[in-house]
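**Q** So TrEMBL lists the following for this protein:
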{"type": "TRANSMEM", "residues": "A:46-63", "note": "transmembrane segment"}
{"type": "TRANSMEM", "residues": "A:93-115", "note": "transmembrane segment"}
{"type": "TRANSMEM", "residues": "A:122-140", "note": "transmembrane segment"}
{"type": "TRANSMEM", "residues": "A:160-182", "note": "transmembrane segment"}
{"type": "TRANSMEM", "residues": "A:213-235", "note": "transmembrane segment"}
{"type": "TRANSMEM", "residues": "A:255-279", "note": "transmembrane segment"}
{"type": "TRANSMEM", "residues": "A:286-307", "note": "transmembrane segment"}
Amino acid sequence: MSMRTIGLSFKQNKLLVQLLLLLFILVLFSILSPYFLSVTNFMNVFNQMVEVGLIAIPMTMIVISGAMDLSVGSILGFSAVCMGIAFEHGLNIWASVLVALLAGLLCGAVNGYLIARHRMQAIVVTIGMLVMLRGLVYVLNQGRPISGYPDSFYFLGQQYIAGVPFNAIFLAAVFLLAHFVMKRTRFSTYVYGIGNNEEAVHYSGISVVRTRFILFLLSGLFSAMAGVFLVSRLASAEATSGTNIELDVLTATLIGGTHIFGGRGSLSGTFIGLLIIVFLRNGLNLLGVSVLYQAVILGALLLIAVGNKQFNRGLSR
Amino acid sequence: MRKVAWTVLTGVMALSLAACGSTSKNNAAPAGSGSSDASSSGAARTYFINPKSIGPAYWAAAQKGAEQAASDLNVKVVYNAPTEADSSKQINMIQDMLTRKVDGIGVSPNDAKAVGPIFKKAAGQNVQIVTWDSDAPDTDRQYYVAPDTDKAVGELLAKTIGDEIGGKGKVAFMVAGLGSENQIAKSDAAKAYFAANYPDVQVVTTVASDDDQQKAYANAQNLIKTYPDLRGIIGFAGGEPPAAAEVVEQAVKAGTMKQGQIAITGIAVPSVVKNYIKDGTINTDIIWDPGKLAYTTVYVLDQLAQGKEIADGMDIPTVGKVKVDGQNVFIGTLQVTKDNVDSFDF
């Protein structure tokens, strides 16, 4: 019990640092660029962060459980292209969306089956899926982008409701829901438990296999959702959709204070981590800073965030 | 208590570190983006020049031209793109620059269809839109700046390789991205040219590298293994011909292939293929000056922003006379061979 309270207070401290960092970034860019602090710009940023944000939810859970899913970008691309192909073959657009979600679930199920049931290394399995699915995408659509969807579909990614992008509202709602799940349900206890001590969870009679399977299933589903939103926002399903998105997702998760070896972390942290990286990128873009510098800065930030954590950990021991 | 104190301390350190990063990056900004930032006055017009990606030599050469134009025309140019040829990151970046209220954008779209919505938004904000190097037809773009029509370039490449291999044999295509309009149009034109003029030439496959040099290299290796009787390779983007030439040269060195067994042509910056041209691995390379292409893009944007007309045969400083055909601005292509390869400075 005392361990738990220590962990909790630690987590809160941690979040404070991230909040300060976010605040610092916001203030800094407001001073440096006259265009940064405006409703239009903030709404733009919210509109752009949805795909990474959606995938970051299950990713945080998976990292907390002590695993990793590197195939999310390829699942995104695969689902997006499946949707495009279904639509091209005359399926109703919303039925095509369903096809995309099913495709994502299927990929997640394959991941989950191999990792949970057969206890294969998550990194190895998901790297395999990353390469294989991306290849499959190219086979499926011959590398050509698929576009020409009905206007009603663009609602998801391009419509603003009372000045706020619809996809951002959706992301916020899903984040709140997931936050509730991770705070209040037994499922979250299992997830944290597996990350801390898989054996102990196993011997308490809880199905580790089922919990892990559900996590990867969720990851597949959310990646597919991100794919649908991306296609709606860009009006085009491309073979390269989602390439390298896993790096952004993991960066947000890790800056948000989730421990790469599992057991600790929170969705609120991930959300702040997400805001940090999207506002940082947006601010640097507005200043016209070359992407080459942007990569350096983002990497340094990750080192600071993670280093700060390790530093703390050594001290609290 | 101690722990809390330490947390606050490290937090402050992190912040000050971030602050250092931010200020130094702020100083570095003009060097990395537009050299004219410092020299221009407050009221200067600003243009966002957006290649497909940052990194390849081709786009670096274009950056020089864009910056040259910025100082010649006394305008601001921000030259930036994602590090990989990624459509969604590119569009996020354009969206950010529209927030910055630039006067015009010059975009080389990674996906001709995907830029449609953002171009519509830009047009709504009265921002001038020009595509360059790769087009996005059926969008709100006002002009397309290109070396020549994709059809003409594709046909020229097909003719070059058809002549070199004697109009007979297997040929493979290497492209940067299967989704970009300019790559599709050029390779389709080359295919059509073969069908019409060299019916004995068979196009066996088209491989894409996504503008990734390592992938282009691996693609070329796979090609010569998969098709041992391959006679020719056409590289439709800057990174492809050098990758093909390097692989062929190594195979010749290793003795698995005869010199001249595979003819290579394509579009590549002379400095990158100079050695391959000198030792005969590549006989003819097609190129235009990417710097002049970017220069023209900035010039056209500036003309549009001032409400001036884009006329056929207009004389652009340092670029020369350009051909204007409808909404297309053509600056012309160059053929690089052993004889003139040393005369190019890009």
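Here the Cβ of each residue, glycine as well, is placed from N, Cα and C on the backbone.
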**Q** As a test: from A:93-115, A:160-182, A:213-235, A:255-279, A:286-307, pick the stretch that has the greatest number of Cβ pairs under 8 Å with the transmembrane segment (A:46-63).
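**A** Between the candidates A:93-115, A:160-182, A:213-235, A:255-279, A:286-307, the best contact partner of the transmembrane segment (A:46-63) is A:213-235.
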**Q** Is the number of Cβ-Cβ pairs under 8 Å between the transmembrane segment (A:160-182) and the transmembrane segment (A:255-279) three or more, considering only pairs separated by 6 or more positions?
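**A** Answer yes: the transmembrane segment (A:160-182) meets the transmembrane segment (A:255-279) with 3 or more Cβ pairs below 8 Å.
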**Q** Which residues of the same chain, at least 6 past either end of the transmembrane segment (A:122-140), have a Cβ under 8 Å from a Cβ in it?
**A** 62, 67-71, 73-75, 77-78, 81-82, 85, 107, 110-111, 114-115, 239, 243, 246
